[in-house]
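Peer 1: Annotations for this protein, taken from TrEMBL, read as follows:
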DOMAIN    213-608  domain 'UvrD-like helicase ATP-binding'
BINDING   GLY234, ALA235, ALA236, GLY237, SER238, GLY239, LYS240, THR241  ATP binding site
Amino acid sequence: MTSTNNHTREEEQLRVDRVIHHIDQKAEKIIARASSIKESVIELRKDFWEDVTVNIDEPDDVIETQASIKQQAELLTQKEQSHGKLDDELKTLKRLRESPYFGRIDFHEDIEQTQEPIYIGIASLMDNSDEDFLVYDWRAPISSLYYDYSPGEAQYETMEETISGEITLKRQFIIQQGIINGMFDTGVTIGDRLLQEVLGNNASTKMKSIVATIQKEQNRIIRNKGNQYLIVQGAAGSGKTSAALQRIAYLMYAYRDILSADNIVLLSPNPLFSSYIANVLPELGETNVRQTTFLDFLENQIRHPFTIESPFEQMEYVMTRTNQQNDSIRMKNIDCKSDLSFMRLLDGFIDHLNTQDIQFRNITFRGEVLISKEQISDYFYSLDETITIPNKLELVARWLLQEIRDQQQNELDKDWVLEKTELLDKEDYQDAFYQAQKQAEHETNEVVHEESILRKEVIKRVFAPIKKKIKEYQFVHTSAAYQRLFTDWTPDEPPENWEAIRTYTTANLAENFLPWEDAAPYLYFQHRLLGTPHDRSVRYLVVDEAQDYAGFQFACIKHIFPNARMTLLGDINQAIYSYMADENPLVAASPEEASYEKITLTKSYRSTRQIAEFTIPFAPGNEMIEPFNREGNKPLLIQQDRSNLAKTLVAEANKLRKNGSETIGIICKTKQESSQVASLLKDKIAFTQIDESASNFPKGLLILPVYLAKGIEMDAVIVPDASKERYSNETDRTLFYTACTRAMHELIMLTAEKPAPFISEVPQEKYQEERR
Ligand SMILES: Nc1ncnc2c1ncn2[C@@H]1O[C@H](COP(=O)(O)OP(=O)(O)OP(=O)(O)O)[C@@H](O)[C@H]1O
């Protein structure tokens with residue numbers, strides 16, 4: 001990599017100046033257009049009622065008035081939308097003005113024999129003639145050259161063809177406030193110098209976009225097309241989350257005519273993480289996609305008012321259990337319900353329900369049973385066995401609605417109906433009057449009375465909630481049907497400990513409580529029973545931290561979104577539960593999948609070389625991990641007396657802060673340990689304790705359990721108890737690995753006893769040791 005000379009730099013700065021001048025001119029024009037639209041919007045709003053013909057004397061006039069209002073409202077919406085678009089354009093120009101581009105390639109096309117410098121930035125910018133690109137969007141097909149090739153032979157794909165040629169120059173820029181502050185020509189691979197700069201910065205409390213330094217292997221993820229499942233296994237800090245977000249931005253660009261932010265759902269591990277990444281897409285000029293956690297998703301989907309345990313509460317149980325509890329029924333329940341074999345068991349139970357045992361609810365009206373659950377059950381089970389349960393339920397619903405319509409007729413002339421008409425409001429009376437008049441014109445034999453119309457209105461309203469419940473299949477008692485699985489049914493091949501699991505689950509259901517491991521099975525059961533109202537708006541699903549989904553949970557997601565394309569990103573080294581490993585999609589991407597591709601990211605960017613070299617020897621998986629070459633201090637292991645813990649933590653935190661660390665995480669194994677450390681440090685140093693409700697984290701000193709630190713990063717990490725007592729088994733290995741790999745620049749571990757066994761797997765020269 002060579003620094004370019006001053007002359008070239010001046011020329012490049014002149015181009016930046018020209019582009020900025022062009023941006024300013026363009027912005028002025030847009031502002032003028034926007035203000036004229038704004039004026040016309042104000043006018044339209046002001047004169048809205050003048051331009052509308054309002055006449056409600058006759059029914060025909062009412063219809064005309066409605067049409068006129070609709071037309072006027074549409075005009076207003078159109079104008080407001082084009083104003084919104086101009087506003088977006090202005091925002092993009094503002095971002096471009098700050099830093100118009102970050103890269104340049106000179107590409108000599110084989111066929112065209114042309115060579116134009118191509119400048120690449122966060123959005124496209126055309127010249128005045130609207131013919132040539134002053135800046136290419138980083139997602140444009142030609143821009144992939146920048147990420148995929150060094151100078152020399154290169155090619156890129158357009159929609160129609162592959163274009164080959166030669167890159168004769170590849171240049172990177174750091175442009176801030178319109179000034180080139182750094183400029184490098186690259187000979188071999190892109191980015192080292194720029195990457196060094198970027199990665200050497202302090203951690204941020206919000207994730208940043210990486211468009212200027214996307215690496216070739218990351219670009220494969222970002223621009224991946226064609227496969228229904230894209231599975232990314234990547235070492236800690238290899239840029240999985242970053243690649244996922246740039247991929248979303250890429251998809252929104254590449255498929256902009258058919259895909260919007262609403263069609264993409266991102267499943268993230270916790271609210272803290274959601275807010276951590278919330279700025280990336282807006283920074284790139286894109287709208288944020290729908291983000292949810294799996295817990296929120298389950299809470300929204302499950303129809304029974306259960307209290308659902310959070311995954312963190314489950315983890316806390318798993319990690320704080322005593323030795324005697326290792327074999328507890330809770331652990332057995334987790335094993336059983338996380339496994340795909342439980343899904344097969346549920347399928348068997350569903351088959352059984354097809355012939356008997358579904359629980360129904362009475363349909364009541366004014367305190368009386370209108371159609372009893374027994375009648376519903378009889379009707380249901382009289383239907384052909386070969387029809388699926390959801391299809392039979394549809395037939396039942398149709399039958400029930402017909403019964404209700406008959407009942408409506410029966411009730412129509414009763415006295416209570418007339419009494420209720422008094423509760424209708426003025427408009428209803430007016431409506432009834434018009435309708436009566438209109439019908440009278442057509443019906444010659446019969447006189448239509450307003451009263452009968454009003455009665456019908458009352459009946460319609462009173463029965464509306466019942467009909468709604470029928471349409472939502474609320475006549476099925478899903479939770480009672482589920483309960484039968486554990487009380488009245490014996491599977492052909494009961495899982496291990498089935499008796500104990502039955503008792504445990506029945507007790508929880510009686511309390512309306514779903515432990516975390518039961519939540520996905522219940523949702524799956526609900527979907528299989530009632531049918532899946534496929535959310536067709538979800539076209540892409542991106543699942544981050546995918547290693548933390550049990551086999552069952554992932555299969556449930558696939559069942560609910562059978563047509564969505566999915567990108568699953570995770571790191572098996574950071575999986576909390578070892579039992580999930582064999583069924584996790586990251587490990588066992590099932591070959592029977594229609595179309596899947598697995599990409600492995602091995603280069604780790606977050607931590608200094610010293611921290612990465614310390615963590616690699618005890619990484620739980622066998623995947624290769626390559627540290628990025630950024631220098632720092634060796635990790636420090638401090639052996640000290642337990643009574644000195646508070647003193648050492650305060651001293652180390654202060655030292656780190658003095659040396660430039662802005663975000664320092666004291667990462668504990670559990671919430672319990674976090675609370676102990678917090679009470680120890682109270683009044684001795686300022687800190688923020690992060691719990692699972694946190695949706696933001698500030699700079700400074702943070703105390704948090706490792707499972708909430710997933711996906712985020714800090715300048716410095718202190719592990720307050722790295723002893724063998726705290727971290728010993730294989731699950732602890734992944735937790736310890738996750739904690740250490742959150743550190744960008746500094747890693748300090750304290751122990752009062754023998755250190756965690758994994759540390760002894762690291763060659764002694766890879767860390768420093770101190771006794772205090
Ligand atoms: N190409 C890149 N250019 C600049 N920075 C990068 C690049 N790739 C990754 N990084 C940086 O490396 C850090 C780790 O990235 P990210 O959080 O996306 O990794 P991850 O694989 O999701 O990590 P983990 O699994 O440990 O949570 C971030 O600070 C990110 O900005």
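Just so it is clear, glycine is given a Cβ too, placed from its N, Cα and C backbone atoms.
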Peer 1: Looking at Cβ-Cβ distances, which residues of the chain lie under 8 angstroms from THR241 (ATP binding site) while being 6 or more apart from it?
Peer 2: MET207, ILE277, ASP544, LEU569, GLY711
Peer 1: Per DSSP, LYS240 (ATP binding site) is which: helix, strand or coil?
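Peer 2: The three-state answer is helix.
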Peer 1: Can you list, in sequence order, the residues of the same chain other than GLY234, ALA235, ALA236, GLY237, SER238, GLY239, LYS240, THR241 whose CB lies within 8 Å of the CB centroid of the ATP site?
Peer 2: SER242, ASP571, LEU601, SER604, TYR605, ARG606
Peer 1: Around GLY234 (ATP binding site), how many other CB atoms lie within 10 A of its CB?
Peer 2: 27
Peer 1: Just to be sure I understand the packing, how many Cβ atoms besides its own are within 10 Å of the Cβ of ALA235 (ATP binding site)?
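Peer 2: Summing over all protein chains shown, ALA235 (ATP binding site) has 29 other Cβ atoms within 10 Å.
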Peer 1: Counting across all protein chains shown, how many other Cβ atoms sit within 10 Å of the Cβ of GLY237 (ATP binding site)?
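Peer 2: Its Cβ shell of radius 10 Å holds 27 other Cβ atoms.
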Peer 1: Can you name the residues of this chain that are 6 or more positions from GLY239 (ATP binding site) yet have a C-beta less than 8 Å from its C-beta?
Peer 2: ILE210, GLN215, GLN218, LEU601, TYR605
Peer 1: Give me the count of other Cβ atoms within 10 A of the Cβ belonging to LYS240 (ATP binding site).
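Peer 2: Taking all protein chains shown, LYS240 (ATP binding site) has 26 Cβ neighbours within 10 Å.
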